[in-house]
């Protein structure tokens, strides 16, 4: 029994660590687009609207593939889809800096976005097979540091490569693409399910499943979009994720430009300071298990409701005090990041897989919630460019305040029901 537990713990550490690194590394091919906006504007004369459409070129296929094809892992094997996706990311973005056509940029970003859409839903299947229900909120909270730590690392790497290779965008994408390629190879050989290691899943409902084999016998067929949407609480989780992700990507893609142009930060400093939002995200994700289990008494929906409302308040205070000092900029941006990003993996992870259990549709629901949230990211570019043009930077921040409150209200009914228990 002791050896069995040791083997299980070792497997949990390996899968947790590998999937964390895979997802964090995907931001090496997301964050440079926000960092190089000023370069694209200077070198190619792109307007804010055109820059916004480049965001959409990446985010549109991300959302579409996640929503419509989130069940590919259930059909063809979760590991197989992960490997193909990582290879597609590597080969598409490796040549980005060698072109000078916005149309080619858009095509490469389109391929990258579609490939990245398959990462989370398949990773979620691996994670849920290695951890039981009592561990999932804490596990997903800790694992949820991956996108925000990845964002920090991605920004730092992009800023450093931008500094070293000023005027040349080639290395900003080529270097991370080599790393992504090696991750694909490692995934093929080392990422496994419990049954492949001769163990039973800690989750009793998973013990009989062979998730990684496309020929495995499944209790239910893979659900389509309509069937998945009809599962109880899926629409509410989707709309909550929509608002939160729209706000997040507005900040991801435009905050460095805002800091440089509106607050007159140095270009390099603006890029690095923008990671304050993601640093807050790491803190919020890491502490989310404690926050939900201790402060909210295990009431996940109530915790999500309060967190997203706090995010909106923090963004309002950030805009209100933006010209006061760097200290206030840091405090409220950090708070906004912690409150916006902290519940992310609770919404698209533990809550999504929980409501999907009865239908054995974890990959499909996780993909739908994550992908529907990404619909917000599709309109992020044109949306923020339009608001900024019409109402200035203040208008952009106030719109994000209302969107954060909307994300909170989407789970308000479930939160109220939890509170009354």
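Glycine too: its Cβ is placed from the backbone N, Cα and C atoms.
As annotated by TrEMBL, transmembrane segment applies to 12-30 (among others). Packing against the transmembrane segment (12-30) from elsewhere in the chain are residues 58, 82, 86, 89, 93, 112, 116, 119-120, 123, 126-127, 130-131, 139, 142-143, 145-147, 149-151, 153-154, 157, 173, 176-177, 179-180, 183, 186-187, 190-192, 252: each is 6 or more residues past its ends and has a CB under 8 Å from a CB in it.
TrEMBL lists 12-421 with the feature domain 'Major facilitator superfamily (MFS) profile'.
Residues annotated as transmembrane segment in TrEMBL: 50-69 (among others).
A Cβ distance under 8 Å defines the sequence-distant neighbours of the transmembrane segment (81-99), meaning residues of its chain 6+ beyond its ends; these are 22, 26, 29, 72-73, 105, 108, 111-112, 114-116, 118-119, 122-123, 168-174, 176-178, 180-181, 183-184, 187-188, 191. Summarising the annotation, TrEMBL assigns transmembrane segment to 81-99 (among others).
What TrEMBL records for 105-128 (among others) is transmembrane segment. A Cβ distance under 8 Å defines the sequence-distant neighbours of the transmembrane segment (105-128), meaning residues of its chain 6+ beyond its ends; these are 15-16, 19, 22-23, 26, 29-30, 33, 53-54, 57-66, 69-70, 72-74, 78-79, 81-82, 84-86, 88-89, 92-93, 95-96, 99, 136, 139-140, 143, 191, 193, 203, 206, 211, 348-349, 352-353, 362-364, 366-367, 370-371, 374.
The transmembrane segment annotation in TrEMBL covers 140-159 (among others).
TrEMBL lists 171-191 (among others) with the feature transmembrane segment.
Taken from TrEMBL, the feature transmembrane segment applies to 237-257 (among others).
TrEMBL lists 269-293 (among others) with the feature transmembrane segment.
Look at TrEMBL and you will find 300-318 (among others) tagged as transmembrane segment.
Long-range neighbours of the transmembrane segment (324-347) within the same chain, counting only residues 6 or more positions beyond its ends whose Cβ lies under 8 Å from a Cβ of the stretch, are 137, 140-141, 143-144, 147-148, 237, 240-241, 244, 247-248, 251, 263, 273, 276-285, 287-288, 291-292, 300, 303-304, 307-308, 310-311, 314-315, 317-318, 369, 373, 404, 411. Per TrEMBL, the feature transmembrane segment maps to 324-347 (among others).
Residues or ranges marked as transmembrane segment by TrEMBL: 368-389 (among others). Long-range contacts of the transmembrane segment (368-389) within its own chain (CB-CB distance under 8 A, at least 6 residues past either end) are made by residues 48-49, 51-56, 59-60, 62-68, 70, 117, 120-121, 225, 228-229, 234, 237-239, 241-250, 253-254, 347-348, 352, 395-396, 399, 403.
Sequence annotations record features per position, and here TrEMBL assigns transmembrane segment to 395-416 (among others).
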Please give the average pLDDT for the domain 'Major facilitator superfamily (MFS) profile' (12-421) in this predicted model.
81
Which residues of the same chain, at least 6 past either end of the transmembrane segment (300-318), have a Cβ under 8 Å from a Cβ in it?
137, 240, 243-244, 247, 284, 288, 291-292, 328-329, 332-333, 335-336, 339-340, 342-343, 346-347, 350-351, 397-398, 400-405, 407-409, 411-412, 414-415, 417-419
Intrachain residues whose Cβ lies under 8 Å of the transmembrane segment (269-293), provided they are six or more past its termini:
34-35, 137-139, 141-142, 144-145, 147-149, 151-152, 155-156, 158-159, 162, 251-252, 255-257, 259-260, 263, 299-300, 303, 307, 326, 329-330, 333-346
Residues of the same chain, at least six outside the transmembrane segment (395-416), with any C-beta under 8 angstroms of its C-beta?
233, 236-237, 239-244, 246-247, 250-251, 254, 258, 299, 301-302, 304-309, 311-313, 315-316, 318-319, 340, 347, 376, 383-384, 387-388
Other than its close neighbours in sequence, what residues sit by the transmembrane segment (237-257), given a CB gap under 8 Å and a spacing of at least six beyond its ends?
30-31, 33-35, 37-38, 55, 59, 151, 229, 267, 270-271, 274, 277, 304, 308, 311, 315, 336, 340-341, 343-344, 347-348, 351-352, 355, 368-370, 372-377, 379-381, 383-384, 388, 396, 400, 403-404, 406-408, 410-411
